[in-house]
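One structure is given below, encoded as structure tokens.
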Amino acid sequence: MAKTLYEKVWDSHVVVANEGEAPLIYVDRHLVHEVTSPQAFSGLKVAGRRLRAPEKTFATMDHNTSTKSASLDALSPMARIQVETLQDNCKEFGIKLYDIHHKNQGIVHVMGPELGITLPGTVIVCGDSHTATHGAFGALAFGIGTSEVEHVMATQTLRQNKAKTMKIEVKGHVTPGITAKDIVLAIIGKIGMDGGTGYVVEFCGEAIEALSMEGRMTVCNMAIEMGAKAGMIAPDATTAEYLKGREFAPKAESWEQAIEAWSELKTDADAVFDSTVILEAADIAPQLTWGTNPGQVVAIDGVVPNPQDEPNATVKASIEKALEYVALSAGTSMKDVSINKVFIGSCTNSRIEDLRDAALHAKGKHVAEGVTAIVVPGSGLVKEQAEAEGLDKIFIEAGFEWRLPGCSMCLAMNDDRLEAGDRCASTSNRNFEGRQGRGSRTHLVSPAMAAAAAVAGHFVDIRQTL
């Protein structure tokens, strides 16, 4: 029977599938951070259970750590409690921890892949919705709740219902200046933020295959923003090249065996998807959100939509509510929208390729008057590489702040946050009301678009700035 990539990975991980109940699947990798793990560890202690597979569990600190200082004194009282609790729990249960003083510390979805923890054909879970990022390697990766975190800790398994399958094919090649962030925002704009609900999405097509692993991670990262359970991309030579030699990747003879196994991780030619969506890559322009969800997105040469043009009453009301919150008027050109804050970072866009793209638009220029811009590398390794390439100097000389790794301004959970009324060009993944701070207004863009906006003080078409 012909199978999709998702079905192949799923079927190989089913432990028990009894009629009338959700199947039990095996988990290969469990990623842990300081925010969603404390209660899970407490549950293990109360029940007197040990960790089932400490060697398959990896922890880091990222959500509420400071990007200004690696000192515990820089944390809020609650953040410090969470960080110190994770330290204690990892020590007690024998878990590998990349704490704020470790050179490899970083955002969990940046750190995992770059260390080779993420591998094709594996099932990966984490108490974080953007675990879908790891699907870029042909892994089945998804976020779980705290009670599920405890279940995986205790059993290395999880009960899950099988999802439907969706293929999103991006045909042809993008034009110069178009990035993975533009591709995924265009997809969300097409199908909506609930278009993938109930599905595991496989991204394919020439435009997807042409992406680097960094770009593929950006696309899969935002599968959640289209409502999907997970996003996946079939592994290929690009995947193998990225993984070879990384700390936790297979070595020597095991590497050759892995390459052979990974070659089978692709959708069979005659496999049938439950749903198919097709986009033409050449039609994709630089994208940016105008409203309060990732589906409220337009091209840079577009305008803020008019709710009066929307026939659906529910959608019309949503547009009106969003316009009121973001303080924009229908018909406004997106190029006329001014910003006063810029955030380049997050698990969506904080990898070395992202920083290189942003630096191209910052080099020899300067942040506009009245604009505050921060650049937050996704991990210690990304920071080290960027500094070796001189990217930090480019940003600093251009007036950007160069920070330590962490989730930072993606969410208002640490000391990087917006004030009420701030308007931010952000490379993160969510532009919900208050996401970056109470009363803040967020516009999702690519790193290049964010850097260009920082310099201009408003959104610009990056295709015309280089």
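Glycine residues also receive a Cβ, built from the backbone N, Cα and C atoms like all the rest.
The feature [4Fe-4S] cluster binding site is assigned by Swiss-Prot to C347, C407, C410. Within the same chain, residues at least 6 positions away in sequence whose Cβ sits under 8 Å from that of C410 ([4Fe-4S] cluster binding site) are F343, G345, S346, C347, T348, S426, S428, N429, R430, R435, Q436.
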Least surrounded among the binding-site residues, given as C347, C407, when other CB atoms within 10 Å are counted: C347
C347, C407, C410 excluded, remaining Cβ within 8 Å of their centroid ([4Fe-4S] cluster): D62, H63, I107, H109, H130, G345, S346, T348, S350, G406, S408, L411, S428, N429
